[in-house]
Amino acid sequence: MSGVIVVGSQWGDEGKGKIVDFFAEHADAVVRYQGGNNAGHTIWHGDTKFELSALPSGIVTKGQLAILGNGVVINPEALLAEIKEVESQGVTVENLIISNRAHVIMPYHIALDKASETASNNRIGTTKKGIGPAYTDKISRVGIRVADLIDPEIFGKLLKEYLPFKNAQLTKLYGEEALDYNEIYDKYVEYGRQLAPYVTDTSYLLGQQMKENKRVVFEGAQGVMLDVDHGTYPFVTSSNPTAGGVMNGAGVGPKQIQDVVGVIKAYTSRVGSGPFPTELFNDTADHIREIGHEYGVVTKRPRRIGWLDAVALRHAVQVSGLTKLAINSLDVLSGLKEVKIATSYTYKGEEIHHFPASDTWFQGLDVNFETLPGWDEDITDVTKFDELPINAQNYLKRISELLEVDLLSFAVGPKPEQTHLLRPVWE
């Protein structure tokens, strides 16, 4: 076994990128297996900060393959722009590899996403980047894949077949303007020409890597609670950020996975609409939001803030089979007199320990908290677990106990040197 999956285990924005970086330091490949450029991740490489949404985190690490798997939906324009941006920061992208089976986000996906969200009375807070419509076309078997994009003849044939229906939706259903075939064709054929050198059968490539016992890191976007099957449906993304998404989104088997690392923050945040049982609407939320810089990488929207939710996290442990835990942003809680962890819910007088499937349950849900003493010390220069204030140590230990998952690391700031390991990343 040579594969490690790094899974966001809340509602995204947990700091997965820097944990991926730890594994990537001694890995041969880093693979993004789902999502699109709707999910931003911030990583540090030396003193350089990278805000990525289309490229895998491993792109900044020399010597590793940075792979976009078949489960990713790709906006060629955004991807090429991000390539140009990282190159301007001194990164070369010859290690980038794109699956020929990945689906392409087309202009009509973005137009339909924007029109649908604007017209809906029940908005789910989409980033309006065409992710959902692209996945819809994939499931409906009317999508355009990267293999099609890099073949102008096939691409033109498919675009000519699909565009009239998409234009009918835009004009007749939403009253929007129709899109022009020639404009799309010319632009996307050029995108295909530029991306073609990076395209291959990534499932075959990964199979060869793992046969040779190479170390491979699988990087999820978003988080478990946004999974289309296991998240707070319908307020979810359109793919599977859970560990199970790797099998379909990268084309590898479960026997090839050694560990599943769940990444969380020491509190909870969420962007967009949907249930959030531990959400705060007070000065504590404002404190955490400002100290933690809780604004979306892509959307720049202020994130919703709440206490850590062990009920939701136990759900993440169950559906992704977490074997290790990486806890980020512990420093953000410094200065609070007390910190809380949700340990169960009460619904209609009954205590429950599972995360509800029905959105209606959350309207009558009470949250049961365990309160622990906080700490005042600045911990951003701490380098070892036993250097933390005893209350911070106890907080981390309690999280591990409640989830029954061993702690891999804790972070006291955003930079790589502020993340500290309690055990080796590769065992």
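A Cβ is built for glycine as well, from the same backbone N, Cα and C atoms used for every other residue.
It should be emphasised that the depicted structure is a prediction, and the values quoted were computed from it without experimental measurement.
If you look up Swiss-Prot, you'll see 12-18, 40-42, R303, 329-331, 411-413 marked as GTP binding site. T42 (GTP binding site) carries a strand DSSP state (E or B). Its own atom aside, the Cβ of T42 (GTP binding site) has 17 Cβ atoms within 10 angstroms in the protein chains shown.
Under the three-state DSSP scheme, D13 (active site, proton acceptor) falls in the coil class. The active site, proton acceptor annotation in Swiss-Prot covers D13.
What Swiss-Prot records for D13, G40 is Mg(2+) binding site. G40 (Mg(2+) binding site): 19 other CB atoms within 10 A of its CB, across all protein chains.
The active site, proton donor annotation in Swiss-Prot covers H41, and the record cites sequence analysis as its basis. Here the Cβ of H41 (active site, proton donor) has 26 other Cβ atoms within 10 Å, regardless of which shown protein chain they belong to.
With a cut-off of 8 Å between CB atoms and residues at least 6 apart in sequence, the same chain places nothing near K300 (substrate binding site). K300 (substrate binding site) carries neither a helix nor a strand DSSP state and counts as coil. The substrate binding site annotation in Swiss-Prot covers V297, V298, T299, K300, R301, P302, R303.
Distances between the Cα of R301 (substrate binding site) and those of the binding-site residues G12, G15, K18, V412 are shortest for G12. Here the Cα atom of R303 (substrate binding site) is found 11 Å from that of G12 (GTP binding site).
Candidate recorded positions: G40, H41, P302. Nearest to K18 (GTP binding site) by Cα distance: H41. Cα of G12 (GTP binding site) to Cα of G40 (Mg(2+) binding site): a distance of 9 Å.
Recorded residues V412 (GTP binding site) and D13 (active site, proton acceptor) have their alpha carbons 16 Å apart, per Cα-Cα distance. Residues near P302 (substrate binding site) in space but far in sequence (CB under 8 A, at least 6 apart, same chain), listed by position: R289, E294, Y295.
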